[in-house]
Amino acid sequence: MKLDKLTSKLNEAIYNAQASAEKLGNPEISEEHILKEVLSQPDGLVPLLISKLNLSPKSFLESTENALGKQPKVGGNTSADVGFSRSAVSLLKAADEVRKELKDEYLSTDHILLGLMKNGTGSLKTEFLKLGLEYHKLLKITLENRKGKTIMDDSPEGKTDALAKYAKNLNELAKQGKLDPVIGRDEEIRRTIQVLSRRTKNNPVLIGEPGVGKTAIVEGLANKIVQGEVPEGIKNKTLYTLDLGSMIAGAKYRGEFEDRLKALLDEVKSSDGEVILFIDEIHTLVGAGATEGALDASNMLKPMLARGELRCIGATTLKEYQKYIEKDAALERRFQPVYVKEPSVEETVTILRGLKGRYELHHGIRILDSALIAAATLSNRYISDRFLPDKAVDLIDEASSKMRIEIDSMPEELDRANKRIQSLKIEREALKKEQDTASKERLKTLERDLSEQEQNFQTLKARWDLEKSKIGRLKQIKEEIEKYKNLEAEAERRGEINRVAEIRYGKLVDLQKELESANEELKKQESASRLLKEEVSEEDIANIVSRWTGIPVSKMLQGERAKLLLMEDVLKTKVIGQDHALRLVSEAVQRSRAGIADPNRPIGTFLFLGPTGVGKTETAKALAEFLFDDVNAMTRIDMSEYMEAHSVARLIGAPPGYVGYDEGGQLTEAVRRRPYSLILFDEIEKANPEVFNIFLQILDEGRLTDGKGRNVDFKNTVIILTSNIGSEVLGSSEYTSEEKERLVEQRLKKHFKPEFLNRIDEVILFHSITDSVIHKIADIQLEGLRQKAKENGLDVSFTNELKDYVSKAGFDAEYGARPLKRLIQREVGNALSRYILDGKFTNGQNVTVDYRQGKVVVVV
């Protein structure tokens, strides 16, 4: 017997047996030690063979461990003396005899068990016989498992039953009802069957965008095969999906991955076309396992694919097909592309109706049909970087999951009552310590109040528990119906007509009646008095879309409607003297939120014109604060930074091959992250004329393609462009309003191309600030300063004399409101900062800022 011709698993078992003997203090390595290690190997051959005989490997392991416990033990250091016992040597010799009979090159773990059952003489063989293990049955299952192969190298474990180890049986999953139903997609499934039925190159590859349902088509094919709804050519075929991860995992040595793949391919080949292999993300095979001098997985597939020995279905995205498969012309010609297009909104609704039952069953809730329609339409409109039906299914799933969590959590009403009880109990404990009459009276009142609250809480809790149990019962009945439907389908496949009739016209009818009565019982409870909601509506879907994208698509609450109607008035408190501009901006936002605006264009695109300091940028800030409750919630792009033609790359991202390609553009990335936003392009006349070309598709169709070829959606943005063109005309008092408009229009046409101007919704002229509004602007600026002082613990008020002074001294018709801002900062701000730094004030102190004798002074 050659001990150098052992498989790696047997080598490992003998090494572990020696370590085990040393640890237990046994003087020798016995057959029990070896068998214990052989039976303990989780991915070994011996446990697999015992399982295939419908016996429990655990029972055999326990018997072996019991026998080990009876072994003699010695004290002291045994490591130097541990050798093989007679029984172990006999076992290895018996195993070697079996190896020779089976014409194997290497001694393996299955030979050990076969040797024991054939020539073993010890008590362990008797125990194993009692457990039902017989030599001839074991030999038969071993030969079946090998499929006519012999052990020619030291790692046979990875090559036996490769399909069971490295692939999943989709037919089995379909029989168990674990695959989701596939609705529609009949054309693609038919095309896949056509390609599979060819004599050679019968390998379809499903190509489509991520999330359009490529894997679902294969699952649909598995369902059709199981139901027998396929042509004769692929009837009774078994569909396996390759698990590349488990094939690569644990392949430590060079060539081990190739061995496993070869074994799997040989198994598929030897099935004589009975097995169809599905490889999801097939591009991962290109380059998989390739090291110096080794073939990659795709090259190992090529000969079998070309000869038609391997029926394979691949699935990959358009981008990856182009990047990996098309590069390799030899691999590409062996596959027949089947293009899977994105379904339309109507088709998506049909798909969702088919899946609805599965999601209702999983979450234990009901999904209204209006929610399915909303999921398809809203996801199509607002989630532009993903594809149907995946994004619509995700919306349904998340809305259902949110509702399930709400059912399982304590309702708000109950939670409030519980918190009230806790606070009353704390107060009661405090009052018990008081001795005065008032406290004792309060304690009596509190006890009554607490008793009422607890009673109310118990009533609410009983209602909640009842509603929960009713919803839970509904889920239970639905699960029962699903179970019996699967049993019915299985019985129908086996041809058990009586069983089918018993389930279809007996059990299922009873369960359906039970479901209807449970639904009626739940509906009887008035919706007003219900604590729990178990229906997913379109409003729930809209809320999820809003959470994902930040776009307010849910129905407007009364408060929001009132706020939008008052939008113009709110903006007027922030921007003074530009009422016409504020009205036009407010109307655009109101149209959008009411759903009247064109859905394929931005909410509003405005060109603000006017001299410096009249409130163009301030209007944009006020609008951002109104819409998003945050002044900084706008993307501001200063166009003076884009004076060169090449600087457009900074907006949309550098093209491939240039530095910064992976970083994306400043504009496109900002909008991708926040689709509902305000974008301010400040001082656009400073930019290079070439830069304006990218505005054309943004302003017209509400989209822009970035440097990576991705479409960025601008349909939910407000776009404001500001410019100083014609500011000298608008700031002049020489012209009438009509003349100003005409002159500004001429200058605009001179500076911008007609196609750019034609795409802007409104050109809004901001007029110079007059002395009549400067007082109001001064009030706003001083209020800002007062708020800053308040944060530092100083309560400031301003006298009318001071307001008159800053209004007069800060007014400049040419420069607008900015000189006023600078004056307030310089004179009033400096006076306050000196007062604070002197340390003269105490926290919360009231001070007045006044203008006296030509100076700004702080008066306590």
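Quick reminder: no glycine exception, Cβ is built from N, Cα and C everywhere.
Per Swiss-Prot, domain 'Clp R' is recorded for 3-148, and the stated evidence type is sequence analysis.
When the region 'Repeat 1' (6-71) is classified with DSSP, helix, strand and coil residues number 48 helix, 3 strand, 15 coil. Swiss-Prot lists 6-71 with the feature region 'Repeat 1', giving sequence analysis as the kind of evidence.
Sequence annotations record features per position, and here Swiss-Prot assigns region 'Repeat 2' to 84-148.
If you look up Swiss-Prot, you'll see 161-342 marked as region 'NBD1', on the strength of similarity to another entry.
What Swiss-Prot lists as ATP 1 binding site is G208, E209, P210, G211, V212, G213, K214, T215, and the listing cites similarity to another entry. The Cβ neighbour count for T215 (ATP 1 binding site), using a 10 Å radius over every protein chain in view, is 13.
Per Swiss-Prot, region 'Linker' is recorded for 343-550.
Among the features that Swiss-Prot reports, coiled coil is placed at 393-527. In the predicted model, the coiled coil (393-527) has a mean pLDDT of 75.
What Swiss-Prot lists as region 'NBD2' is 560-768, and the listing cites similarity to another entry.
Residues or ranges marked as ATP 2 binding site in Swiss-Prot (evidence: similarity to another entry): G610, P611, T612, G613, V614, G615, K616, T617. There are 15 other CB atoms within 10 A of the CB of T612 (ATP 2 binding site), with all protein chains counted. The secondary structure of T612 (ATP 2 binding site), as reduced to three states from DSSP, is coil rather than helix or strand.
Here Swiss-Prot flags 769-860 as region 'C-terminal', drawing on similarity to another entry.
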Revision key, fill the gap. Same-chain, non-site residues whose Cβ lies within 8 A of the G610, P611, T612, G613, V614, G615, K616, T617 Cβ center for ATP 2 are F608, E618, T722, F766, G816, A817
**Study point:** Which same-chain residues, if any, lie at least 6 apart from V614 (ATP 2 binding site) yet have Cβ under 8 Å of it
**Key:** G577, Q578, F766, H767, S768, I769, G816, A817
Point to revise | In contact by Cβ distance (the region 'NBD2' (560-768), the region 'Linker' (343-550); 3 or more pairs under 8 Å) | key: yes
Review point. 10 Å Cβ neighbour count around P611 (ATP 2 binding site)?
Key: 22
Study note, to complete from the structure: P611 (ATP 2 binding site) sits from G213 (ATP 1 binding site) (Cα to Cα, rounded, in Å) at a distance of 56
Exercise for review: Using a 10 Å cut-off, grab the number of neighbouring Cβ atoms around the Cβ of G610 (ATP 2 binding site), all chains included.
Suggested key: 26
**Study point:** Other residues, Cβ within 8 Å of G208, E209, P210, G211, V212, G213, K214, T215 Cβ centroid (ATP 1 site)
**Key:** A216, T317, V340, E342, F387, D390
Point to revise | Surrounding CB atoms that lie within 10 Å of the CB of T617 (ATP 2 binding site), all protein chains | key: 18
Check your understanding: Where the distance is taken from Cα to Cα, which of the binding-site residues T612, G613, G615, K616 turns out closest to K214 (ATP 1 binding site)?
Key -> K616
Review point. For the binding-site residues K214, K616, which Cβ has the most other Cβ atoms within 10 Å, all shown protein chains included?
Key: K616
